[in-house]
Amino acid sequence: MTGGGKSGGKASGSKNAQSRSSKAGLAFPVGRVHRLLRKGNYAQRVGAGAPVYLAAVLEYLAAEILELAGNAARDNKKTRIIPRHLQLAIRNDEELNKLLGHVTIAQGGVLPNIHQNLLPKKTGKTGKNASQEL
């Protein structure tokens, strides 16, 4: 038997192999974040906890934006999130707008806003007409 090992081709101890993402209870890939941190020349060394923490933060931000965008889509009676819904979600949330203030979203449009000076003047009805409107 050539090239054999007692584990049948699998690495030793891989019987119950578990990804770092599943260990941390995350959907975002911890291994990929770790690789990108190493390849990005941000520092000479990357600790073991840094990619887990960063993946958790990225997952939280994505979930927050998608939840608000889903609400915007539902308000517009749509079942699919489009860039317009992302734009509305981000710009209507104070903290996300501050974080992504200089980000341009393609096909996002602008927030509906009419300046106060352009609105028609409200004429206040006073006198006996106002008292008879009960």
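Note that Cβ sites are derived from N, Cα and C of the backbone, with glycine treated the same way.
Feature annotation from Swiss-Prot assigns compositional bias 'Gly residues' to 1-11.
Annotated region 'Disordered' per Swiss-Prot: 1-25, in sequence order.
Summarising the annotation, Swiss-Prot assigns N6-acetyllysine to K6 (among others) and lists similarity to another entry as the type of evidence.
Here Swiss-Prot flags K10 (among others) as N6-acetyllysine, drawing on similarity to another entry.
Here Swiss-Prot flags Q107 as N5-methylglutamine, drawing on similarity to another entry. The 10 Å shell around the Cβ of Q107 (N5-methylglutamine) contains 9 further Cβ atoms across the protein chains shown.
Taking a C-beta cut-off of under 8 Å and a sequence gap of six or more, K121 (site 'Not ubiquitinated') has no contacts in its own chain. Look at Swiss-Prot and you will find K121 tagged as site 'Not ubiquitinated'.
What Swiss-Prot records for S131 is phosphoserine, and it gives similarity to another entry as the kind of evidence.
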